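Copied over from TrEMBL, here are the features:
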| type | residues | note |
| --- | --- | --- |
| DOMAIN | 333-380 | domain 'DC1' |
| DOMAIN | 392-435 | domain 'DC1' |
| DOMAIN | 446-494 | domain 'DC1' |
| DOMAIN | 531-576 | domain 'DC1' |
Amino acid sequence: MDSESESKLISFISQLVSRNNTDSENISCMIQTISLVSSMDLKSQPKPESKLMSLVTQTISLFNSMDLSSQPEPLRKLISLIIEKLSHLNSVDSDYEPKPDSEFMSTFYETYKLQPRPEIISIIHQIYSLFISTDTNKVITLVRSLDLDYSEPEPESEFISVVAVVKQIMSFANSISNSEPEWQFISSMTEMIRLISSIDLEPEWEPPMQLVALFTHTFSLLYYLDRDSELYTLIAQIIFIIDYTDSEPESEWGLDQLMSLSPQWKVQLVQGKFHVTGKIERKNKEKGKCQPENRHRLYLAKGEEASHFICKDCNGEDHIECEKTPVEVKHLLHPKHSLQLVSQKSSIIQTRKCFCCDEDLKKIFYYCTGCDYDMNIACAEKPPVLFIDRPKWHADTLALFQRQAFLTCNVCAVADSSSPIYMCPPCDFVVHQRCTGLPRVIRISRHRHRISFTTSFDEGDWSCGVCRRKIDNDYGGFSCIKDGCSYAAHSRCATQKNVWDGIDLEGVPEEIEEEEVEPFVTISKGVIHHFSHQNHHLRLDENRDRIYDENKLCQACIMPIYFGNFFSCMQCDYILQ
């Protein structure tokens with residue numbers, strides 16, 4: 001086996017252990033890694049072989065001699081799913097794209113947590129460990145050196161409460177050895193605390209991207225933990241403190257100024273849909289014995305004073321002196337059914353947006369179980385805006401369409417019912433409320449020029465430069481402002497957080513740029529000379545019956561080519577999509 005194959009393998013595994021992967025990216029990377037290993041000629045491996053290749057050889061040998069019928073059910077199921085994924089990649093269906101697969105990932109986690117571990121999983125774990133630098137003694141030493149002891153007067157502030165729980169979590173470092181996934185979570189949390197302690201906090205401080213990525217990764221590891229474990233319970237305490245607690249003592253705000261919340265049902269978000277898990281009961285059965293520390297103020301809207309509170313002891317039943325938030329309401333935007341006040345189980349793994357304001361749903365909100373329809377309390381308490389003027393999108397006044405409907409938006413070209421709709425019936429113009437806040441001129445990471453919003457596209461076959469799918473010419477999107485450049489993108493694709501920097505450049509003069517050099521020169525029909533490959537010419541490969549090889553990577557983005565045409569070198573293996 002040549003060094004190039006081993007380099008590719010190292011690249012794939014490095015991507016796999018990256019902290020910023022989505023489920024779909026993890027699955028794609030796993031399958032590419034397995035496909036690459038399957039194609040390797042391990043017999044020609046040079047001696048002495050590397051630690052990585054030694055473990056890979058052991059894995060392949062063990063798999064080939066494995067009696068699947070004697071393996072645990074999760075492992076058998078995982079192997080079946082992997083074979084299915086590989087068959088898709090090796091098929092002639094060029095439209096196939098990896099998609100998030102909850103069944104695959106849940107089976108993978110279930111297999112990974114088997115005790116005792118199957119031998120093949122143990123070897124795979126050793127491979128994984130080669131790419132994760134985790135010195136147990138160093139981490140424990142760091143945990144012990146962290147200054148987590150704060151002497152503050154009672155009552156404890158939100159920060160001190162969090163620190164107390166963090167100290168308990170860190171104590172696990174001495175008791176779980178090097179187990180997974182608990183150790184991985186604690187190690188990541190330790191690294192996060194160390195990074196925070198190294199930062200000089202300024203009045204206008206914003207967390208660096210490294211910290212944001214590490215925070216996201218740390219709490220994504222909750223998905224792997226046993227929900228009944230002590231560690232998970234402690235993490236849930238932190239979430240509850242951050243969700244509920246107000247740093248001011250109750251004596252400084254008083255119940256008579258606030259409205260009492262009495263959510264009736266508990267709901268949990270599972271694969272994008274809420275499920276009712278039970279009725280909420282008071283915790284203290286003795287009337288009139290509510291403890292002040294179990295009452296918490298809630299901020300229902302950004303930038304506004306707290307206006308509501310919740311009492312865990314009585315769920316609002318005993319606070320007759322306080323005005324109560326209705327437990328059931330009818331709303332103009334959802335006239336068919338009543339909305340009930342519910343409380344959702346805290347989750348950092350997944351969230352959902354309020355139908356009305358497009359902000360994350362709060363801990364307590366209004367919900368229709370029959371329609372899976374939700375709305376934040378702040379939105380339910382305000383009457384909807386029946387008419388709006390948005391001259392940058394449409395010249396006429398727009399009227400609220402008072403139904404939840406699948407109407408195609410003229411701005412984003414999507415028939416989506418998850419946002420209120422405004423329309424101009426005489427002009428047949430429809431726009432989502434959320435889309436009225438989209439920018440007009442932006443710069444994205446996928447194109448070197450600015451792109452601007454256009455209400456429609458000229459005749460022809462247009463495809464999105466971000467997702468590569470077809471663009472509907474009759475609806476809005478973004479196109480390049482440069483003459484002769486045909487780059488285009490869907491509105492939603494162009495304004496994704498990982499594509500656009502969030503800055504609207506409308507009215508901002510473009511900086512004078514150096515004269516641009518075209519990336520390629522056309523030699524003849526279908527043949528170009530590209531700046532990235534100076535020695536040879538590239539030919540356009542338009543073979544629609546090809547079988548795509550996931551081991552062949554585009555030399556620009558270093559990603560496999562799963563669909564579409566690409567350029568390939570006429571004299572060597574260089575390819576460019």
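Cβ coordinates are placed from backbone N, Cα and C, and glycine is handled just like the others.
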Helix-strand-coil residue split for the domain 'DC1' (392-435), DSSP-based: 5 helix, 14 strand, 25 coil
Per-region confidence, the domain 'DC1' (392-435) (mean pLDDT, whole number): 90
Secondary structure composition of the domain 'DC1' (446-494) [DSSP: H/G/I, E/B, coil]: 4 helix, 13 strand, 32 coil
